Amino acid sequence: MTIGKLAVIGGGAWGTALAQVAAAGDRETLLWALEDDVVTAINRIHENPVYLKGIKLNPAVRATADFSELASADAWLVVSPAQHMRAVLKRAPCPNMPLILCSKGIEESSGKLLHEVAAEVCPTSPIAVLSGPTFAHEVASGLPTAVTLACRDSTLGQQLRQRIARPNFRTYLSDDVAGAEVGGAVKNVLAIACGVVEGRGLGQNARAAVIARGFAEMTRFGMAMGARRETLAGLSGLGDLVLTCSSTASRNFSLGKAIGEGRSAAELMSDRRTVAEGAHTAPILHRIAVDRDIDMPIVEAVVTLLSGRVGIDELLDAMLSRPPGDEED
Ligand SMILES: NC(=O)C1=CN([C@@H]2O[C@H](COP(=O)(O)OP(=O)(O)OC[C@H]3O[C@@H](n4cnc5c(N)ncnc54)[C@H](O)[C@@H]3O)[C@@H](O)[C@H]2O)C=CC1
Ligand SMILES: O=C(CO)COP(=O)(O)O
């Protein structure tokens, strides 16, 4: 099967950037967006001023708010925020449609990874996961980027790669779907922790320590979920962790930085239009970790801070008084 026309579900920053990638070479690409103003702007001025300001889009990207139009595509890139993905897919005509899941998170209500959610809603659809260190603005601007595309069906994986990959959008194949998802979900929580370190002025040594010990938490969790260690050490795990923990271009890092500077998490979450997935993933990730007896102290600290129950300095004292164990544990 040749994959020709692609549709993207979700007109946020990442869905718009991926539509731009899919439209390279002037290939017609459909972008389903929730908001009418986003649909209108993309079709009239070829820009998404709400979520991806300042990027001129290829006119081959056509936006729609009509789910029925999506049936004309050969595959969908699903880019709705993790907590909305189930509801959005339920409204879309998905039988047999290959789905490439590009969002990062764990469903709060069920504790499921997104490929499990998609398999429940669209049981006849083959599923792939695209993940990696990918700030939307950079991808939409054509800057060099590398991603993991994970699919259990290697033939379909190669067909999807053939359609999506570009010289500046290097696409590495994997068959570890859970591994590719775990990295993206967990790194968002760790990026909040790194932002707190930055905002509270704890220094670069502390940030590197959080990245390294956070990676140990990601690896423990991933292995328990059936992921492979080498996937977690690749683009979708360590690669994305390093990116997101290093820059205020990350919404998760910025959220943590503002908390570190003394702002209240509840107030910061109440008036945001863009998504900081780590804030939604943290509580369910922690709950799964407790249920499965997986040690994740940094994730637990993020949950505590987001709840507003304990202040940063008190939490820091508690964390620093933990006896350090063996590094490989
Ligand atoms: N922005 C980025 O650089 C990257 C984002 N991602 C992931 O992509 C996913 C989407 O993020 P962005 O495109 O950045 O979003 P965004 O923060 O730019 O935009 C918010 C999105 O949420 C949608 N939304 C709001 N309420 C909704 C509802 N009730 N039902 C359905 N959709 C609703 C909006 O329509 C919009 O598409 C997230 O899981 C994120 O982690 C992954 C890689 C890079
Ligand atoms: O996932 C991302 C980069 O790979 C984007 O991170 P933020 O959602 O924190 O902005």
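Quick reminder: no glycine exception, Cβ is built from N, Cα and C everywhere.
Because TrEMBL annotations are produced automatically, they should be read as predictions rather than curated entries.
The local packing around K187 (active site, proton acceptor), expressed as other Cβ atoms within 10 Å of its Cβ over all shown chains, amounts to 32. Residues or ranges marked as active site, proton acceptor by TrEMBL: K187.
Annotation note: G11 (NAD(+) binding site) sits in a coil segment as assigned by DSSP. Here G11 (NAD(+) binding site) comes close to L31, W32, A33, L34, E35, V38, V39, I42, N48, Y51, A63: these same-chain residues lie at least six apart in sequence, with C-beta atoms under 8 angstroms from its C-beta. If you look up TrEMBL, you'll see G10, G11, G12, A13, W14, G15, A136, R251 marked as NAD(+) binding site.
Summarising the environment of R251 (NAD(+) binding site), the number of other Cβ atoms within 10 Å of its Cβ, over all protein chains shown, is 21. Look at R251 (NAD(+) binding site): DSSP puts it in a helix. Taken from TrEMBL, the feature NADPH binding site applies to W14, Y51, K104, A136, R251, V275, E277.
The feature sn-glycerol 3-phosphate binding site is assigned by TrEMBL to K104, G132, T134, K187, D240, S250, R251, N252. Within the same chain, residues at least 6 positions away in sequence whose Cβ sits under 8 Å from that of N252 (sn-glycerol 3-phosphate binding site) are N188, V189, A191, I192, G195, T244, A276, E277, G278, A279.
The substrate binding site annotation in TrEMBL covers K104, R251, N252.
Taken from TrEMBL, the feature domain 'Glycerol-3-phosphate dehydrogenase NAD-dependent N-terminal' covers 5-155.
The annotation domain 'Glycerol-3-phosphate dehydrogenase NAD-dependent C-terminal' is assigned in TrEMBL to 176-316. As a summary of secondary structure, the domain 'Glycerol-3-phosphate dehydrogenase NAD-dependent C-terminal' (176-316) carries 105 helix, 0 strand, 36 coil according to DSSP.
Cβ neighbours within 10 Å of A136 (NAD(+) binding site), excluding its own Cβ and spanning all shown chains: 21. Checked against T134 (sn-glycerol 3-phosphate binding site), the binding-site residues G10, A13, W14, K104, R251 differ in C-alpha distance, with W14 being the nearest. Proximity of K104 (NADPH binding site) to non-local residues of its own chain (separation of 6 or more, Cβ distance below 8 Å) is seen for A82, S131, E181, G184, A185, K187, N188, E277, T281, given in sequence order. Proximity of the recorded positions G10, G11, A13, W14, K187, V275 to ligand 2, judged by a Cβ distance under 6 angstroms to any of its atoms, singles out none of them.
With a cut-off of under 6 Å between the Cβ and any atom of ligand 1, the recorded positions T134, K187, V275 reduce to T134, V275. Reported as a whole number, the C-alpha separation between G10 (NAD(+) binding site) and V275 (NADPH binding site) equals 12 Å.
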